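**Q** Have a look at this one.
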């Protein structure tokens, strides 16, 4: 019996795919460093709302890459045989996998890893085209099948996009090569099977769920666990929240309060839990009020800055979800970078039938270990350890 138990534990551990994430300077920070942010903001209106609920044709998805402006967490995957490595965003707010290819002549591709099908013995071409639109242009490419190495296992026969054009020279400064989407297949452009679905269908993960831990302090230590939960990353028990709409990881918020007073979402509202969005975003009017309450003001770079000395005096902002309170302290919702501090809130307006929509991005996820349960269509949350 003891040996059977040990064997079962070994089998489960082999079906838990652990993908380390590293924290790097964001695209925004790289643009500031290179004196390019003002030019970027002039030519690319940063609109986080355009990522969600796009109007799309059958072969067109709308996934604005400007919305990854502040993303800081990235993982490495390999594609092909032998594997060609790529740095990607593990994004619960989209569903496609795509990387640059050697067919791409855009400046944006020139400083990134590019997939070469000729160097892979397992690549299978298709005649399908992919176009992911955003801003003033679109990422165009083709779809193909190959083996994807993720967390030490081989995801065979995985469909993915190979970019041929990537508009906007700003992507030259992006700290990532491509995107690995972890949302539901219903929002996948071209009907492409997402990576996690393919892993589950092949029996490569032991549970139909995955979880995310984002470290607040270290460049390393963050992780995506495909197929399992690691209780060492959180304290107490997981609280489960039903997914309200299966597409994005969308849930219902009860309210948002400060000092016991409701400041937003007074009658309940919808929220998307999105690892591919760095900040906490909500309706522009509600966010404007919050920025005023915490003393944030816009600087010449379009950032909402705040005095770092305010961190010790400001109150928590509390998100109540499914009857459970999830407080964010000022040190969580105010972002410190050297001697400067910026607000972790950003305004957006998304026209949805469900009304007010919020995005719980990395500012929230850093404080709460998050489980994305596909089997039961639930999101699990617990304070990080």
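Placement of Cβ uses the backbone N, Cα and C atoms for every residue, glycine included.
Below are the features listed in Swiss-Prot for this protein:
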type	residues	note
SIGNAL	1-15	signal peptide
DOMAIN	73-382	domain 'Peptidase A1'
ACT_SITE	91	active site
DISULFID	104-109	disulfide bond
MOD_RES	127	phosphoserine
DISULFID	265-269	disulfide bond
ACT_SITE	274	active site
DISULFID	308-341	disulfide bond
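Describe the structural context of each listed feature in the structure shown, including burial, neighbouring residues and relevant distances.
**A** Cβ neighbour count for residue 91 (active site) (all protein chains, 10 Å cutoff from its Cβ): 25. DSSP gives residue 91 (active site) a strand state.
Secondary structure from DSSP puts residue 104 (disulfide bond) in coil. A C-beta separation below 8 Å, combined with a sequence spacing of at least six in one chain, links residue 104 (disulfide bond) to 114, 141, 163, 164, 165, 166.
The C-beta environment of residue 127 (phosphoserine), restricted to residues of the same chain at least 6 apart in sequence and closer than 8 Å, is empty.
Under DSSP, residue 265 (disulfide bond) is assigned to coil, being neither helix nor strand in the three-state scheme. Shown in sequence order, 253, 254, 255, 256, 282, 286, 356, 358 are the residues of the chain, 6+ apart in sequence, with a C-beta less than 8 angstroms from the C-beta of residue 265 (disulfide bond).
In the structure as shown, the Cβ atom of residue 274 (active site) sits within 10 Å of 27 other Cβ atoms.
The DSSP secondary structure for residue 308 (disulfide bond) is helix.
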**Q** By the count of other Cβ atoms within 10 Å, pick out the sparsest of the disulfide-bonded residues 308, 341.
**A** 308
**Q** Tell me, in order along the sequence, which recorded positions from 91, 109, 308, 341 have their CA within 10 Å of residue 274 (active site).
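**A** 91, listed in sequence order.
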**Q** What are the non-local neighbours of residue 109 (disulfide bond), defined as same-chain residues 6+ apart in sequence with CB under 8 A from its CB?
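**A** The answer is 100, 101, 163, 166.
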**Q** How many Å separate the Cα atoms of residue 269 (disulfide bond) and residue 308 (disulfide bond)?
**A** 31
**Q** When DSSP states are folded down to helix, strand and coil, where does residue 274 (active site) land?
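**A** Looking at the DSSP assignment, residue 274 (active site) belongs to neither helix nor strand, so coil.
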**Q** Mind giving me a neighbour count for residue 269 (disulfide bond)? Other Cβ atoms within 10 Å of its Cβ, every protein chain shown.
**A** 21
**Q** If you measure residue 308 (disulfide bond) to residue 91 (active site) at Cα, how many Å is it?
**A** 30
